[in-house]
Amino acid sequence: MNVNQSIPPVPPFGQPQPVYPGYHQSSYSGQSGSTAPAIPYGAYNGPVPGYQQTPPQGISRAPPSSGAPPASTAQAACGQVAYGQFGQGDVQNGPSSAVQMQRLPGSQPFGSTLAPVGSQPAVLQPYGPPPTSAQVTAQLAGMQISSAVVPAPPSSGLGYGPPTSLASASGSFPNSGLYGSYPQGQASPVSQAQGHPGIQTPQRSAPSQASSFTPPASGGPRLPSMTGPLLPGQGFGGPSVSQPNHVSSPPPQALPPGTQMTGPLGPPPPMHSLQQPGYQPQQNGSFGSARGPQPNYGSPYPAAPTFGSQPGPPQPLPPKRLDPDAIPSPIQVIEDDRNNRGTEPFVTGVRGQVPPLVTTNFLVKDQGNASPRYIRCTSYNIPCTSDMAKQAQVPLAAVIKPLATLPPDEASPYVVDHGESGPLRCNRCKAYMCPFMQFIEGGRRFQCCFCSCINDVPPQYFQHLDHTGKRVDAYDRPELSLGSYEFLATVDYCKNNKFPSPPAFIFMIDVSYNAIRTGLVRLLCEELKSLLDFLPREGGAEESAIRVGFVTYNKVLHFYNVKSSLAQPQMMVVSDVADMFVPLLDGFLVNVNESRAVITSLLDQIPEMFADTRETETVFVPVIQAGMEALKAAECAGKLFLFHTSLPIAEAPGKLKNRDDRKLINTDKEKTLFQPQTGAYQTLAKECVAQGCCIDLFLFPNQYVDVATLSVVPQLTGGSVYKYACFQVENDQERFLSDLRRDVQKVVGFDAVMRVRTSTGIRAVDFFGAFYMSNTTDVELAGLDGDKTVTVEFKHDDRLNEESGALLQCALLYTSCAGQRRLRIHNLALNCCTQLADLYRNCETDTLINYMAKFAYRGVLNSPVKAVRDTLITQCAQILACYRKNCASPSSAGQLILPECMKLLPVYLNCVLKSDVLQPGAEVTTDDRAYVRQLVTSMDVAETNVFFYPRLLPLTKSPIESTTEPTAVRASEERLSNGDIYLLENGLNLFLWVGASVQQGVVQSLFSVSSFSQITSGLSVLPVLDNPLSKKVRGLIDSLRAQRSRYMKLIVVKQEDKLEMLFKHFLVEDKSLSGGASYVDFLCHMHKEIRQLLS
Ligand SMILES: [Zn+2]
């Protein structure tokens, strides 16, 4: 895995790609690209004499500055938890109002094209009429299976219908806790009316529970017979119409007894035999061997509803059932990819290559296309025509993280300085110089790869071409040979034609009664004293260029003069919050080192000054207004860090009222819960964006604070929202301080504008993320950090060409932490196809889910949640039905056939459908939903992947001395063994589940108590004990936290304890208490939907 190891050059664009000796940067010293270094790529000084095609030796060029210290490592000194490269962000999109939930079939015209050019490494199955190989055939005996075994659903319909029962749930976690701090020991009042008697399942040994389905020795009798009865039109549309969104299942009576059952219930299809390692019953190691007959499938949830099954006349129930081990397993897919693709570097020279999964550790070598850490696509092979795209219904989207932090062994983008002439661009479409531009006429002109315009090459950029038509200095210039690089921007790219000043950070602290009482203010002020030494800085800079300022507030605002010449800080109170102004300019924004004594004095005094406050009311909009005005007065961009505790009810602009109403759930008005209460917040956000003022909001609510409204400004300005419900210093300080340290230190690009250009035939039509848009093409970001992604959807506006493929270029103009104006460019070339099979062979399900979740989460702002869920289900069914119809070999209707690289689409989509935003449980508050909704909107693919399908790691299965992370098991209760301990994480939450029969020695080693019963439920810190198991588990927890952008607080859950209900919420393959379907049931339902589409 050595970055520098030489890799056989892959001919990307038809030419050999030398390894770039000259570009080897000193291995990332911990600096993220944006902070980049400072050594700009040497400006070009005239034609290079006699350049030979040999790979440049990196000679004359100053070593690309190895980037500035990555925010992460360098500053780790502060003791904060190290963080991984993936972060989360916050969110929301531009003018959401414009977006409607209607997306039907594709929509635009397409064209057709030529012959495939790029090679397709990965999935090689031949496509042809009957390409049996590539498909995953899972013989889901359709609905019959489930109907035969599972009791009919309650009339209310749990599945996808509105979970009617939900609201009735009695209690609820008062302060709610999934996303906030969870009050320990709280019982979960969730009603169990829906039949979850299974909670007391004493024996959880996986093997015994699952299904009774006996794996066929070989494909067994898979009979034609089944087709008969199952044919569309015949058995379907039966009486079971109780569930509107569900296709009813075949009425039993329609099937002649004898035949009907055999088919579906018979032995599983030969799917195992087809090169489907993933389907082997034993894939999960400890689980899954042959299962014994199981009368009661899904014991944990006996009452699992099926989709429309009908009790009907008594029939002989075959004791067989769909075997959970026989359906596609996320764990297996992840493991296979790790084994197959984690060993070789991913070299980006080949067009249209599908990268390894986000769950695989791999090294990237940039040879002309942007790293998947910057851009991931739903498909790397785009249909040539809009008709094809419409038919397939596969969304064409790219998830872009322009400032992604790279791992230490990958180089940050080189900075290219073209001097006063600035970056070279196409005269017509303004695309930036990139490896795909074609030089012609001996090098005197170049043809734009995006719009085909012929441009003159400026004299100072002229270079000769070699016999292949490539510039001889191509490998010497990042912009001619790499997928990602930066240009230093000229003054033309700056606001008001003036180079920017360094940005500023303003800390705005709520000092009302609640903030003081909880100890928050004291904790925060103490922390800031040391944290200010770790503000982001560039390259080798000794100190950060960022200036700081301080404001405290409740109903009024207090500004502080911390000028270095003062002996003590001075406070100025502004009580006229209706017409906010900044009372001082000189002395408000200062250099930390120069004013250190005054700042320290101020931070010492703040907690004392307000110690006896009785003021409970706060304002909010005036606070942001003040910060923004201060930046405006100082003529700089910057970030406001707001620490806020309550619903702003004080008389002032943006005053809010408590409008939380759970009765709206599942009504047409549910969307109002996600919409801001007043337009004042959007208006303010627009002003902030214009000023380059980004807001990071830290919330510490004891009750409803209307996150949907308060998060509007952070979302539209590219900021982040953090929420610590029922904050208490003793329980939550570690989490809060870890998040704060990371947030303050991370590298940010300010006052940014992003534009995505595409080659002729497709164009960017829709955007998702935390930003603002005032027109249809420019994504405006007051701030953008390395955790945030922008998802872009494309549509055809013309026919694409197989030979030339499709190109994307993402250009981000931003101001660095030191005040340097830069352009970061990412290029990506995709293949185009005339065969649907090529599309289906080059999709990336994790990215598809990222897009679909964001699409749905934005949809809830405008449409009933149920309609949003239905749209997703329909789209998924259309995608799979199109594959079945056009790409799979003919087979019986009883078979569910999934494209290999989309075989996890159903399980992942089901996780999205039953997520808290789309199908909330009784314990999920309105604020939690709004919070998660905005978080997901700017998550990257790795984050959505683990967020929707959590990782469940067994801790005592592997040898204690093993140092590798344990292999996860599927997120289902039946995978839990009561003699084991598991960690579950989803990027926001972390649970340690302890089985009731865990060995006493293990209990002692981990908890330092003598028995299971003595373990404190809800514990959030494991005792530090000096034994191998304790060290290993604590080490693993640290490692998991380091991989996530937000600190995950630990919650210890004991089997059969009250808290277990909370934990089970994350076992996403099971039926959920809020009515979400189990994986097996959903797969059956999806199968049915597909068959209906095909009939
Ligand atoms: Zn052009």
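If you go along the chain as it appears here, the first residue is 1 and each next one adds 1.
Each residue, glycine too, has its Cβ placed from N, Cα and C.
TrEMBL: automatically predicted annotations, no manual curation.
Features as listed in TrEMBL:
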{"type": "COMPBIAS", "residues": "8-19", "note": "compositional bias 'Pro residues'"}
{"type": "COMPBIAS", "residues": "20-34", "note": "compositional bias 'Low complexity'"}
{"type": "COMPBIAS", "residues": "60-77", "note": "compositional bias 'Low complexity'"}
{"type": "COMPBIAS", "residues": "90-100", "note": "compositional bias 'Polar residues'"}
{"type": "COMPBIAS", "residues": "165-175", "note": "compositional bias 'Polar residues'"}
{"type": "COMPBIAS", "residues": "183-215", "note": "compositional bias 'Polar residues'"}
{"type": "COMPBIAS", "residues": "273-287", "note": "compositional bias 'Polar residues'"}
{"type": "DOMAIN", "residues": "423-461", "note": "domain 'Zinc finger Sec23/Sec24-type'"}
{"type": "DOMAIN", "residues": "500-744", "note": "domain 'Sec23/Sec24 trunk'"}
{"type": "DOMAIN", "residues": "845-944", "note": "domain 'Sec23/Sec24 helical'"}
{"type": "DOMAIN", "residues": "963-1036", "note": "domain 'Gelsolin-like'"}
{"type": "REGION", "residues": "1-135", "note": "region 'Disordered'"}
{"type": "REGION", "residues": "149-339", "note": "region 'Disordered'"}
Tell me the residue counts in helix, strand and coil for the domain 'Sec23/Sec24 helical' (845-944), as DSSP assigns them.
65 helix, 4 strand, 31 coil
When DSSP states are grouped into helix, strand and coil, how many residues of the domain 'Zinc finger Sec23/Sec24-type' (423-461) land in each?
6 helix, 11 strand, 22 coil
Limited to the domain 'Sec23/Sec24 helical' (845-944), I'd like the whole-number average of pLDDT.
95
Work out, from DSSP, the number of helix, strand and coil residues along the domain 'Gelsolin-like' (963-1036).
23 helix, 12 strand, 39 coil
